[in-house]
2 protein chains.
Amino acid sequence: MKNIPLILMGCGGVGRQLLQHIITTRSLHSRKGLYLRVVGVCDSQCLVVTRDWLNNDLDDSLLLKACQVKQDGSSLSILGDFDKCQVYGHSESQGKIFEIASQLGKSTGLVCVDCSASSDTVVVLKEVVHMGCCVVLANKKPLTSTMEDFDKLFGYPHRIRHESTVGAGLPVIVSLNRIISSGDIIYRVVGSLSGTLGYVMSELEDGKPLSKVVRDAKTLGYTEPDPRDDLSGMDVARKALILARILGRQISLDDIKIESLYPKELGPDMMSVEDFLDHGISRVDGYMQERVMKAASNEKVLRYVCVIEGPRCEVGILEILKNSALGRLRGSDNILEINSRCYKEQPLVIQGAGAGNDTTAAGVLADIIDLHSLFP
Amino acid sequence: MKNIPLILMGCGGVGRQLLQHIITTRSLHSRKGLYLRVVGVCDSQCLVVTRDWLNNDLDDSLLLKACQVKQDGSSLSILGDFDKCQVYGHSESQGKIFEIASQLGKSTGLVCVDCSASSDTVVVLKEVVHMGCCVVLANKKPLTSTMEDFDKLFGYPHRIRHESTVGAGLPVIVSLNRIISSGDIIYRVVGSLSGTLGYVMSELEDGKPLSKVVRDAKTLGYTEPDPRDDLSGMDVARKALILARILGRQISLDDIKIESLYPKELGPDMMSVEDFLDHGISRVDGYMQERVMKAASNEKVLRYVCVIEGPRCEVGILEILKNSALGRLRGSDNILEINSRCYKEQPLVIQGAGAGNDTTAAGVLADIIDLHSLFP
């Protein structure tokens with residue numbers, strides 16, 4: 001049995017779901033001679049490592065316990081009560097990860113999995129890649145900081161996977177990488193890559209006012225606690241930046257033209273979430289309704305998309321032909337259309353659920369398995 | 001510079017296009033530190049190998065010459081006139097491939113690329129995989145013979161790639177494999193996987209008689225020389241079998257229910273291609289027109305699809321809702337819809353050009369590059 005040791009950073013929704021996927025797929029992977037050995041898990045406050053991490057792992061009961069602790073909103077430090085593991089505070093955890101990486105990196109390809117939403121992990125990730133480890137990301141932040149950080153992470157391109165940073169588990173990154181390595185020339189990438197904004201746009205199309213749609217989306221749990229985090233377009237811009245960088249563009253977030261669905265006067269530093277929802281966002285209702293109607297008069301619909309074409313990289317609302325894959329998109333599905341030499345007249349289209357912890361964690365797990373063959 | 005040695009089997013349209021892709025992407029791959037070293041090429045009659053194949057390769061001028069020779073309909077044996085290479089006749093070529101494989105397999109991961117349409121290559125492929133080589137297939141036949149052959153080829157699953165056996169360069173296989181390794185449970189796979197039959201079905205939808213559509217398709221170069229090779233459904237059945245086996249079904253071609261678009265009385269052993277086109281296929285016009293109209297009366301269209309669901313694996317005509325991704329498919333595009341635990345309400349959809357030498361060869365090249373990271 002070949003074992004794949006890993007350390008999980010971030011035990012939010014996706015991280016917890018990943019641990020659960022790992023446990024439920026044990027028999028599937030053992031039939032293929034693989035064992036996923038979770039050596040450590042960490043949250044923002046501490047790192048929990050199995051004792052004798054050279055040979056042992058955090059067993060499934062402890063992993064389930066960790067999930068429960070995080071679900072309850074507590075810190076992993078509670079697990080210090082268990083004999084089987086050791087807990088390191090924030091100040092020690094980085095050093096401990098480096099210690100494990102230096103022992104397990106080159107020989108076993110220790111996988112550092114980042115399911116956090118933090119900008120801070122990039123420091124650790126850059127270092128462990130250099131030490132021979134593999135890196136799997138659901139977290140977009142490490143890939144969307146400086147170009148220098150990005151290049152460092154991709155210093156060993158075959159040891160990094162990040163499918164779930166764009167379109168959750170949809171095979172977006174793997175498809176783009178295949179097209180690029182085949183020498184095909186990509187002319188244009190257009191995508192609707194936010195389940196939240198996909199939902200908002202298709203509800204607007206049905207004639208509902210923006211303010212109601214946003215309130216509904218929040219109630220349904222489709223938005224971040226502050227819906228402006230979605231409506232600002234920043235999350236889509238990060239995804240666009242990741243795609244653009246894969247396509248070879250040496251750009252940063254600042255270079256992307258981003259259209260926000262609300263004006264600055266309604267921003268987080270101007271009013272609370274409650275004020276925004278109760279009487280802020282409704283000020284945009286009329287303007288948005290006009291745009292929807294104008295588009296409809298041309299057999300078009302509004303979609304919040306990212307467009308990468310030549311030097312152009314932008315995210316915002318576009319009028320899209322009703323009778324196209326993108327125009328027909330409904331609800332929270334994601335879609336990516338790629339036009340290239342091989343896909344010239346009709347684009348290559350990838351479409352499906354692009355959000356949700358289950359799908360996102362499934363993409364992360366597929367990445368981890370994909371990497372295993374690199375190591376003996 | 002890391003070099004990836006390879007032997008190409010089959011120099012038909014896809015094989016020739018692959019050689020051209022390899023040549024035109026040299027600078028792209030050299031920027032990534034890779035060099036594709038073509039050690040040998042073979043057709044059904046002979047094998048051409050570079051002299052000193054441990055270190056050398058067939059240079060680009062010779063590869064272009066090989067393409068020209070095959071384009072002209074000649075045998076590669078003509079290349080025996082060149083000093084730089086050695087030509088082995090059919091009886092010696094298998095032994096020579098094994099000799100090269102035993103030297104280069106384990107150390108460099110020699111890639112044996114099968115772009116032929118032959119059933120005979122499987123003997124060689126099974127052996128070289130066992131010797132440590134990688135295998136990349138555009139040829140469906142080795143994966144659709146016995147289950148025993150299939151299992152032998154997949155004895156080292158990370159050393160075999162075959163994206164271009166289904167949907168040309170579309171990321172169909174890689175996506176299915178990712179879904180499976182993530183532990184997601186696939187309920188249903190439905191696809192329109194023949195550009196030819198896709199064209200036929202969408203033309204029928206427009207009210208044209210089958211006989212005219214088939215004649216047009218042949219004139220446009222969309223069909224095999226004998227269009228019955230497409231219309232029999234056998235090619236789609238092979239694709240369905242490959243998908244079903246990836247999904248873990250232990251089945252053979254005989255287990256697949258296949259609907260042919262023409263009755264036995266119009267088969268190749270009953271009449272010539274000319275007779276079939278001139279007054280054979282028109283006998284089916286009325287029947288097919290009725291089916292098209294019956295479907296239309298229910299807001300449906302006919303599509304020639306493969307369906308894999310539970311124990312069911314069949315290929316044939318299905319009535320499909322007009323207002324679905326599959327129902328909206330036009331022309332020769334391929335489409336695959338996957339329903340799984342993660343893609344439950346809406347399927348994961350992959351759509352785009354699924355035929356053509358350019359796209360197919362691009363898929364093969366992406367597979368070759370994908371394998372390189374396995375070797376130091």
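Note: Cβ is positioned from N, Cα and C throughout, glycine not excepted.
Record features, source TrEMBL:
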BINDING   A:Gly10, A:Cys11, A:Gly12, A:Gly13, A:Val14, A:Gly15  NADP(+) binding site
BINDING   A:Lys140  NADPH binding site
DOMAIN    A:171-369  domain 'Homoserine dehydrogenase catalytic'
BINDING   A:Glu224  L-homoserine binding site
ACT_SITE  A:Lys239  active site, proton donor
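Feature annotations (TrEMBL) mapped to structure.
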| residue | record | contacts (Cβ under 8 Å, 6+ apart) |
| --- | --- | --- |
| A:Gly10 | NADP(+) binding site | A:Cys42, A:Asp43, A:Asp114, A:Cys115, A:Ser116, A:Ala117, A:Ser118, A:Thr121, A:Ala138, A:Asn139 |
| A:Cys11 | NADP(+) binding site | A:Leu19, A:Val41, A:Cys42, A:Asp43, A:Ala66, A:Cys67, A:Lys70, A:Leu76, A:Cys115 |
| A:Gly12 | NADP(+) binding site | A:Lys70, A:Cys115, A:Ser116, A:Ala117 |
| A:Gly13 | NADP(+) binding site | A:Asn357 |
| A:Val14 | NADP(+) binding site | A:Cys115, A:Ala138, A:Ser164, A:Asn357, A:Thr360, A:Ala361, A:Val364 |
| A:Gly15 | NADP(+) binding site | A:Leu8, A:Met9, A:Val41, A:Lys70, A:Val113, A:Cys115, A:Ser116, A:Ala361 |
| A:Lys140 | NADPH binding site | A:Thr165, A:Val166, A:Asp235, A:Arg238, A:Lys239, A:Ile242 |
| A:Glu224 | L-homoserine binding site | A:Asp230 |
- Note on the structure: One finds that other Cβ atoms within 10 Å of the Cβ of A:Lys239 (active site, proton donor) number exactly 24
- Show, in sequence order, which residues other than A:Gly10, A:Cys11, A:Gly12, A:Gly13, A:Val14, A:Gly15 on the same chain lie with their Cβ within 8 Å of the centre of the Cβ atoms of the NADP(+) site. A:Arg16, A:Gln17, A:Leu18, A:Lys70, A:Cys115, A:Ser116, A:Asn357
- Task: Can you see whether DSSP assigns the residue listed as 'L-homoserine binding site' to helix, strand or coil?
- Result: coil
- Task: Please classify the secondary structure at A:Gly13 (NADP(+) binding site) using three-state DSSP.
- Result: helix
